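Going by TrEMBL, these are the annotated features:
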type     : residues      : note
DISULFID : CYS40-CYS67   : disulfide bond
DISULFID : CYS291-CYS303 : disulfide bond
DISULFID : CYS298-CYS316 : disulfide bond
DISULFID : CYS310-CYS325 : disulfide bond
DOMAIN   : 40-154        : domain 'CUB'
DOMAIN   : 171-286       : domain 'CUB'
SIGNAL   : 1-22          : signal peptide
TRANSMEM : 344-364       : transmembrane segment
Amino acid sequence: MVHGNRFLHVVAGLLMLGLSGATKKEAVKNNSGVQPAGQCGTWVKEPEGGLFTSPNYPNKYPPERECIYIIEAPPRQCIDLFFDEKYSIEPSWECKFDHIEVRDGPFGFSPIIGRYCGQQNPPYIRSSSRYLWIKFVADGELEAMGFSASYNFTADPDFKDVGVPKPLPFCEFEMGGPEGIIESQQITKDGKALQTEAVDCNWYIRAPPRSKIYLRFLDYEMQNSNECKRNFVAVYDGSSSVEDLRNKFCSTVANDVMLVSTLGVVRMWADEGSRKSRFRILFTTFQEPPCEADTFFCHSNMCINNTLVCNGIQNCVYPWDENHCKEKRKANILDNLNNTNGTIIGITCCIVLILLVVSVIVQIKQPRKKYILRREDFDTTMFQEVFQEPPHYELCTLRSAPATSADLAELAEDFESYNKLRRASSRCIHEHHCGSSQLPSNKGSRTNLSAREATAAILTDLPPQPMRPLPPQTNRRNILVMRHTYSQEAADACDLDDDLEEVPTTSHRLSRHEKAVQRLLENSAILDQYERASMKYENMDRRFTPA
């Protein structure tokens, strides 16, 4: 008898475990719900489907009522929805008043399938994904019987080539405390699933009473972006039921989420070909102001624990908790600098700066040195005659050496003929000049003097001017300088180097004819001067000669 009682207890325990496992399995497969709960008719959940109705069905539904039904199918399955024929909703144009609205997805902004009212029940509806969003609206007038709808789950045609999906491993995590990290790597680290298995994992975050939860994404990447059937990260506020779904991320960006309840759920779904999808979330529990003594105010209606201040992690929405934390954060390179290191760095910088300045000066001076070296190659005596009298304005004309020698030879010949003429025309005009009385009378000889003879007499007293020797003929080109003073020094030649090119003839270059004219002008000026002197002597003779 005792053994029989023990056997009955064992069987009862096994049955209870089986029922609990079945209930858990059912909750996982049929994660559907309604908002607000308890005010929107009945809902019967089954492992492969369910049934839900409008409030008070089959009686008239109450006025001023809005109910949202969200149906979720297991992974790789879709939803078939059927409305019972006993159906009646207040008819209106475009169903603007009482109506049923069905959307293909888990949110109110998902693509709309249709809006229905009147006496004709809606047609059969199949979702394209795991979710259907259904809203029933009743205004304050003309209530009717309402509706009854049933649904079941069927295989998704997009995964027909995959075959029957394998059972998913059990994957749940419990998190708590003032802060924590949720990451996809925990699945493989804790041995919840293999890297080749599809996963459907939930992280349950439990906050203290009267607290809320702030989720901030630190890392997020979906292997198959924008393919929500294959991978996504969902956030629930209050429970893991689909009616508490706050956000679902399956694209390239994930935003921070603020939960208002003390329970938050993070869910990740990834099939076998999307296991490289990853995420990393920082959760922080907080309270609303006024803040208590052991909390820190984040200036964004958040009061976090004091232990989270200056911990190197941003727990507030804005980094108020990490500002002015130099004394608490890890010392960096600048903090480790002392006087010795600063001195070494300063000296090194000064040396580098000095070298830089020296290099710049060398670069600037280098072209000048080359120019000075080139100037040393010139013969400074070449232009001595030209530049020894800066106030005079001189013009130099290039002539070849043979032409210059020929001109000088002609000039010498002119002077030689002029001297011969002067010596031939010199006579005794006055007795005190000649020292003899060859003429018949002094009076007559003084009265018969001519200007030319007087000039010749004076010229005999002048000492003969020495002739400058002709310069030797060379192949060097010479520069003939013409001064405005027309002095004898202006006739000197300016020697240039052999490598000077031929300079074009200017308007001031003298031709041979011009030089001859110049010589005649000079001779006439000398003659005029001598004529004036002879006239002066005649006047003096007239004064002293007795009448």
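Yeah, the Cβs are placed from backbone N, Cα and C, and that goes for glycine too.
Keep in mind that this is a model prediction, so the values were computed, not measured.
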Legend entry - Candidate disulfide-bonded residues CYS40, CYS303, CYS325, pick with smallest Cα gap to CYS316 (disulfide bond): CYS303
Legend entry - Using Cα positions only, nearest of the disulfide-bonded residues to CYS298 (disulfide bond) (CYS40, CYS67, CYS291, CYS310): CYS291
Inset, instruction - Consider the disulfide-bonded residues CYS67, CYS291, CYS303 and say which one has the Cα lying nearest the Cα of CYS325 (disulfide bond). - result: CYS303
Legend entry - Average pLDDT across the domain 'CUB' (40-154), rounded to a whole number: 91
Inset, instruction - Can you grab the distance from CYS40 (disulfide bond) over to CYS303 (disulfide bond)? Cα atoms, rounded to a whole Å. - result: 37
Legend entry - Cβ packing number for CYS303 (disulfide bond), 10 Å threshold: 18
Inset, instruction - Find the shortest Cα-Cα separation between CYS310 (disulfide bond) and the disulfide-bonded residues CYS67, CYS291, CYS303, and name the residue that gives it. - result: CYS303
Legend entry - Secondary structure content of the domain 'CUB' (40-154), with strand meaning DSSP E or B: 3 helix, 55 strand, 57 coil
Legend entry - Sparsest-packed of the listed disulfide-bonded residues (CYS67, CYS291, CYS310, CYS316, CYS325) - C-beta count within 10 angstroms: CYS325
Legend entry - Per-state residue totals over the domain 'CUB' (171-286) - DSSP helix, strand, coil: 10 helix, 60 strand, 46 coil
Inset, instruction - Calculate the distance in Å between the alpha carbons (Cα) of CYS303 (disulfide bond) and CYS67 (disulfide bond), and round it to a whole number. - result: 35
Inset, instruction - Can you grab the distance from CYS67 (disulfide bond) over to CYS291 (disulfide bond)? Cα atoms, rounded to a whole Å. - result: 37
Inset, instruction - For CYS40 (disulfide bond), list the number of other Cβ atoms lying within 10 Å of its Cβ atom. - result: 20
